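A.B. asks: Can you read through this structure? Questions will come right after.
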Amino acid sequence: MTCALHPGIRVSEIFGPTIQGEGVLIGLPTVFVRTGGCDYRCSWCDSLHAVDRRFRHDWEMMSPDAVWQKVIALSGGQPVMVSLSGGNPAIQPLSQLIDRGHGEGYRFALETQGSVSKQWFADLDVLVLSPKPPSSEMTTDWAAFDACLEAAQDKPQMALKLVVFDDDDYAYAKDAAARYPQLPVYLQPGNHTPPRPGDEDAFIDMAGVMRRMEWLVEKVTRDRWFEARVLPQLHVLLWGNRRGV
Ligand code: SF4
């Protein structure tokens, strides 16, 4: 049940456990709570089914308790990392869910582009900030991004994750890393053949993704950017564009 005191969470899908496919928690068994709705519309978004309002009929307004019961069922009641992703999970009321899970020994990671800050960011275990580079056709509001860091108050483990498609994105990534030298930086090549919503197992140009990965490794090493970590999207290598894995 949702009400003013217990606002509902708009959920696109809950799945797992599987492994986290990218960034600072790569390889870690995780249950995913993917929320519906995003204040961005990146040109290469790989989660359009959780962004495009045309798919809102597939989203479900769930109480924090209902979300929690699903997480418990998927994890067999054994504490696991819960990834709050989207869409932009920062626009959902997730505070209660996090408190509930912490009470039972679960940990929570949230990934957001950094456009909306919430006080409860300080309650997270891991906060991954993933500002979107020029190829996304979005514009970063750095003041809003700074507000996310302020809200987190250095309490969660934090990281910057940047998708890089081309030279402009690479320059943007370097600029973002220079702005936030306190944050570890994770770079990943973009998937230029993202899944289309409704196509459960869409074509992926894996050779192209790997070429971009090699290009990125070369670029980082030639540049002597030795603080950056370059990672592929592990789930893409394993399962291509398949959803819910
Ligand atoms: S911020 Fe993320 S979920 Fe939102 S449109 Fe961009 S890539 Fe998609």
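Backbone N, Cα and C atoms are what each Cβ position is placed from, and that goes for glycine too.
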A.B. asks: Which of these, Gly87, Gly208, Gly244, does TrEMBL say binds S-adenosyl-L-methionine at the same site as Trp44, Cys45, Asp46, Ser130, Pro131, Lys132?
C.D. replies: Gly87
A.B. asks: Which of Arg10, Arg34 does TrEMBL put in the same substrate site as Ile19, Gln20, Gly21, Ser85?
C.D. replies: Arg34
A.B. asks: How long is the line from the C-alpha of Ser47 (Mg(2+) binding site) to the C-alpha of Arg34 (substrate binding site), rounded to the nearest angstrom?
C.D. replies: 9
A.B. asks: Among Gly21, Arg34, Cys42, Cys45, Ser47, Ser85, the binding-site residues in the record, which have a C-beta under 6 A from ligand 1?
C.D. replies: Cys42, Cys45, Ser47
A.B. asks: With every protein chain in view, what's the tally of Cβ atoms within 10 Å of the Cβ of Gln20 (substrate binding site), excluding that atom itself?
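C.D. replies: Taking all protein chains shown, Gln20 (substrate binding site) has 23 Cβ neighbours within 10 Å.
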